[in-house]
Amino acid sequence: MMTDPLSRSHAAALDAADPLRALRDAFVFPQHGGQDQTYFVGNSLGLQPRQARAMVSEVLDQWGALAVEGHFTGPTQWLTYHQLVRDGLARVVGAQPDEVVAMNTLTVNLHLMMASFYRPSAERAAILIEAGAFPSDRHAVESQLRLHGLDPDTHLIEVEPDAADGTLSMDAIAAAIAQHGPRLALVLWPGIQYRTGQAFALGEIARLARAQGAAVGFDLAHAVGNIPLSLHDDGVDFAVWCHYKYLNAGPGAVGGCFVHARHAHSNLPRMAGWWGHEQPTRFRMEPQFVPSPGAEGWQLSNPPVLALAPLRASLELFDQAGMPALRAKSEQLTGHLEQLIHTRVPQVLQIVTPADPAQRGCQLSLRVAGGRTQGRALFEYLQSVGVLGDWREPDVIRIAPVPLYNRFCDLHQLVEHVETWAAA
């Protein structure tokens, strides 16, 4: 007799056969009633890798034992500590090692990148973003426009969703780039839209923007560690991201930045700081700034070593699993959840995120029948029974099954609780 592919027993079989199942044990889970919480919020804050504590302690021990000499001696010299995460980051984002650097935080890095790559002229001064962009991105873009004496009402172009569910077609994006092309100085686009969970064809967006003569940058906050990326091959000028979501580097973690290799030795204007000075002569303390080649030339201050340690722990797990295997499991998990919702609770939940796996990562954005009031009621009920998603105004519950630590049986637990709530 064939097993029902949407049964609990089939989910258990999928979990037992999962080649990545051991990775779950590498993370610390919050507890609820003496059990591991069912955690679907890796898109907001990833779980703590168990090895993070040891790596942070290693830095603390080195600080205690060596004090300032820890910059130049010890098991992991702080002078080059940021380079310990460089190769792993490059593999995750599809870049050359010298194109990436871990530094600052996302919005700080976005300002640094716009200082270099947003070069408005009389004819070409507009910035194109998606309508409903993450507020910090929009604040950064508006403030950059004002710094140049430009009015956001005139020079900020927002591409409105062309679907009732709030998503954007590639046709709409292409049409906007074509329509405004001669005015565009910069196209700034997300890898994944934070509210809808929609993933975009980044290579195509980069090609279209550059064909119009615009610089192109990506905010990869919800894409890095979630979907395969190929930043070098896509030809994007720059990208920025955070590490506290899918890369599990902890609250307020150090951010990440990509600068394409074609800019590695350029004389682009930049906001400079001493740690961006070339390493061989940095400690001569000379007044002339000589940038390090590649993305490291945009560094400002010495790296936050304690904050880099958890990222190092997480990247070891990504290297152990590999992005292709993580993506394959992610598509299975999210597809399984989609089937469960359509089959068992279609009258309760509407999926906002596109059904095409190429247009989403692991996150499904959900609206609850009955609107915001019912949505909040379900969200709070799920919290009360130890199932944690997150809420985004005005009416979206986001559920993100993360392949590093979520299981197929977690999806059944979620849907069973939705059924219980709906039947009450």
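Sequential numbering from 1, following the chain as shown.
Positions of Cβ are set from backbone N, Cα and C atoms, glycine also.
Here is what Swiss-Prot says about this protein:
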BINDING   LEU106, THR107, PHE134, PRO135, SER136, ASP137, ASP219, HIS222, TYR244, TRP274, ASN302  pyridoxal 5'-phosphate binding site
MOD_RES   LYS245  N6-(pyridoxal phosphate)lysine
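Location within the structure of each feature annotated in Swiss-Prot.
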residue	record	contacts (Cβ under 8 Å, 6+ apart)
LEU106	pyridoxal 5'-phosphate binding site	SER136, ASP219, ALA221, VAL240, TRP241, CYS242, GLY255
PHE134	pyridoxal 5'-phosphate binding site	PRO190, TYR194, ASP219, ALA221
TYR244	pyridoxal 5'-phosphate binding site	LEU45, GLY46, GLY250, PRO251, GLY252, ALA253
LYS245	N6-(pyridoxal phosphate)lysine	GLY42, ASN43, SER44, LEU45, GLY46, ALA221, HIS222, VAL224, GLY225, ASN226
ASN302	pyridoxal 5'-phosphate binding site	TRP78, TRP275
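The record assigns LEU106, THR107, PHE134, PRO135, SER136, ASP137, ASP219, HIS222, TYR244, TRP274, ASN302 to the pyridoxal 5'-phosphate site; their largest pairwise CA distance measures 31 Å. Taking the binding-site residues SER136, ASP219 in turn, the residue surrounded by the fewest other Cβ atoms inside 10 Å of its Cβ turns out to be SER136. Under the three-state DSSP scheme, ASP219 (pyridoxal 5'-phosphate binding site) falls in the strand class.
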